[in-house]
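Copied over from TrEMBL:
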DOMAIN    27-188  domain 'Fructose-1-6-bisphosphatase class I N-terminal'
BINDING   GLU90, ASP109, LEU111  Mg(2+) 1 binding site
BINDING   ASP109, ASP112, GLU276  Mg(2+) 2 binding site
BINDING   ASP112, GLY113, SER114, SER115, ASN204, TYR256, LEU257, TYR258  substrate binding site
DOMAIN    194-327  domain 'Fructose-1-6-bisphosphatase class 1 C-terminal'
Amino acid sequence: MAEHLRLDSYLDFAAGRTPHLVAVCQTVHSIAAAGRQISRILARGPLAGNLGAIIGASIDGDGQKALDAMTHTILREALARAPVAVFASEESDEPEVLDPHAPLAVAVDPLDGSSNIDTLAPIGTIFSIMPAGMGVADDPAAPFLQPGRQQLAAGFVIYGPQTALVLTLGAGTRVFTLDPDSGAFIATRGEIEVPHTTREYAINGSNLRHWAPEIRTYIMELKKGRNGPRGEDFNTRWLASMVGDAFRILMRGGIYLYPADQRRGYRAGRLRLVYEANPIAMLMEQAGAAATDGRTAVLDLVADDIHQRCPLVFGSTDEVMRVADAYHAGAVNESPLFKTRSLFRKTASTIESLA
Ligand SMILES: O=P(O)(O)OC[C@H]1O[C@](O)(COP(=O)(O)O)[C@@H](O)[C@@H]1O
Ligand SMILES: [Mg+2]
Ligand SMILES: [Mg+2]
């Protein structure tokens, strides 16, 4: 087999002698080491303890599982040894200052897809690396409250049949597969290019009754297949694990949607802008795909709060643009000029006409 590129060599080459890139690459090394450690724990499953046990409530009310807390601690310890000024985690109320003089700020979702812990479906660790800027000691959240376009690097480690690290340093998106024998992450393909078109979509369809009309209409058109307005059949793939869906989309295209809906706590969607949407959006854009909240490119959004949620649609560009166009048309209809009803009220008739 031809010699494959190892993550270490890739990072050394990317870092060169540029100080901030050296810091970014050291930090990615640390995250990869944490990923390797988590992968070993997951490979033991129930032999490593009751990883899926609910041990408390997370900041936003979701049940916190033993593995959520364990992965948070592993990431925190790994990043405390990297040039990281401030560490923010989905599993912690406040960002934590590690070394106020260090150049980077790192946000993590230590465990994405928590509902799958005991199911053998893929789960993952998502990370976003930002410049720390000045004054983190006074305002540790500040580095995260800027557009995701400022990210220096982003990625996730996915724990599935294989463990893989998906990474962008801002110049393409690459996948490195963990060799469990040597412990090395190895690139097994070149830069990823997501196809612009797709016939696969991922959404939790059980929430249909809560969606805004734009999303209902879009999904119902896909469901109608070749007899509907799209004139072709579409297939659903939903893993309830965003990293799993994102990995599939990177490999062969597709669209993922977690829109805002009417349920209490979901009016701004489910996913968190800082820990989940920003890094996934950077990976997608760097792979030629797109990510939007329906109205604005995710990477142009600015969080007011580090735990802020946002509606999230990402994947093959043509489909993402269709959804954005649907929202745009909905907004025009809603404008006082057209005197129509609110986004969440004009639903029943839309569904009936499509069903
Ligand atoms: O259970 P639902 O509402 O379908 O949500 C599933 C989505 O929520 C998430 O699990 C959110 O991430 P966490 O597991 O980190 O909370 C995504 O990975 C997944 O796509
Ligand atoms: Mg998550
Ligand atoms: Mg999580």
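In case you wondered, yes, glycine gets a Cβ from its N, Cα and C as well.
A TrEMBL annotation is a machine prediction, not a hand-curated record.
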Taking the Cα atoms as reference points, how far is LEU111 (Mg(2+) 1 binding site) from GLU276 (Mg(2+) 2 binding site) in Å? 11
Going by C-beta under 8 A and a gap of 6 or more residues, the same-chain neighbours of SER115 (substrate binding site) are ALA240, SER241
Row GLY113 (substrate binding site), column other C-beta within 10 angstroms, all chains, value 22
Chain-internal residues near ASN204 (substrate binding site), provided their CB is under 8 angstroms and they sit 6+ positions away: TRP238, ALA240, TYR258
Among GLU90, ASP109, SER114, ASN204, TYR256, please name the binding-site residues whose Cβ is nearer than 6 Å to ligand 3. GLU90, ASP109, SER114
Which residues of the same chain, at least 6 positions away in sequence, have a Cβ lying under 8 Å from the Cβ of LEU257 (substrate binding site)? TYR201, ALA202, ILE203, ILE215, ILE219, LEU312, VAL313, VAL323
Hits among ASP112, SER114, TYR258, GLU276, i.e. binding-site residues with CB under 6 Å from ligand 2, come out as ASP112, GLU276
Spatial separation of TYR256 (substrate binding site) from ASP112 (Mg(2+) 2 binding site) - C-alpha basis, Å: 15
